[in-house]
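What follows is one structure encoded as structure tokens, with my remarks underneath.
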Amino acid sequence: MRNELVQKLVEHQGEYVSGERLSESLGVSRTAIWKQIEVLKKQGYQIESAPKKGYQLMGRPDGLQEHDIHLYLHTKRLGQSVSYYATVPSTQAVAHELAQAGEPEGHVVVADEQTSGRGRFGRNWSSAAGTSISMSLLLRPALAPENVPPLTLVAAVAVTRAIEKVTDLEADIKWPNDILLNGKKIVGILTEMQSEPGLANVVILGIGINANQTDEELIHDDRNQSTSLATEKGELINRAELLANILEEFEWLYDAYLKNGFKEIKLLWEARSISIGLNLEAKSIHGTVTGRSVGISEDGALLVEDAQGITHKVYSADVQSKN
Ligand code: BT5
């Protein structure tokens, strides 16, 4: 009911809406409305109450709860249900557990802070409290396990498109899972699956975003320089709006991928990629390939041409530029 109440207040932003009208349209008592208004105030909503006039929404917190996200969400399936945590070790771990317990596709786990956020190959992901976005999307695609890794590329396209829609910033994709602004990392994507032979039962798509961190809150190590959307844009970002837009973009791209494979999305990916034409070293569990990236295959592998002119298909690797 709180979600609907927020929706109503937002619809009437800039004017008062009476307790009576709210109670009628939501089908609850005026006392129930008053109680929920008090809860919202505690959560940081600025709501003015005036006798005879009712309630007016003056400001919203930059929240990531289900009702904050649903204000902006226009998807058919993804994000219709959201588990929100103020703080959690890792949204990936929670999403894996929910998947095991039978939670359906489209569920999103989101946190304001992670205490053990994880990256690839056992690395850490830092997510500052209240200023970052940590989200894990539960998917149940009917895909063979080898067709799951390109979902990282599909997600990267969705995230860059959503960032541009919400902030006007044009971010770059670094194969396979990084999104950069001015050469600094702004988003990391982690695609994990629970599979059985021949079938990926569950895919958990983890996305970590530096939204409103100041430079001091960001980590800068030997591997990565990082930045935040707010730093690049010069103003704070509405995290719920960005998250909802990511789900919206990902929904149609995901459907397109399930239907037609990576072929069509490849063009969108290439338009935003900074990974082609570089001298690089790609380290994977199969070994290290050194050479020049000459393109991406129709199934999402990076094509690396070595000094002998042999082209290697690299499916999942850690990539360092060697220019
Ligand atoms: C990634 O790994 O970039 C994937 C990160 C996925 C994080 C999300 S948040 C929601 C979900 N829940 C989780 O627990 N994880 C997912 P990788 O390519 O391995 O990059 C990790 C490296 O990025 C680290 O070694 C650092 O160098 C750097 N790094 C860590 N935190 C960062 C941050 N906030 N911004 C930029 N770079 C960061």
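Including glycine, each Cβ sits where the backbone N, Cα and C put it.
Automated prediction, rather than curation, is the source of TrEMBL annotations.
According to TrEMBL, the protein carries these features:
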DNA_BIND  19-38  DNA-binding region
BINDING   GLN114, ARG118, GLY119, ARG120, LYS185  biotin binding site
DOMAIN    63-258  domain 'BPL/LPL catalytic'
For ARG120 (biotin binding site): intrachain residues, at least 6 apart, with Cβ closer than 8 Å: ASN177, LEU190, ASP318
Whole number in angstrom, please: the longest C-alpha to C-alpha distance across GLN114, ARG118, GLY119, ARG120, LYS185 for biotin. 18
Does DSSP put ARG120 (biotin binding site) in a helix, in a strand, or in coil? helix
Averaging pLDDT over all residues of the DNA-binding region (19-38) gives 95
Which residues, sitting 6 or more apart from GLN114 (biotin binding site) on the same chain, put a CB under 8 Å from its CB? THR87, VAL88, PRO89, SER90, THR91, TRP125, SER127, SER134, GLY208
Near ARG118 (biotin binding site), which residues of its chain come within a Cβ-Cβ distance under 8 Å, counting only those 6 or more away in sequence? SER90, GLN92, ASN124, TRP125, LEU190, GLY206
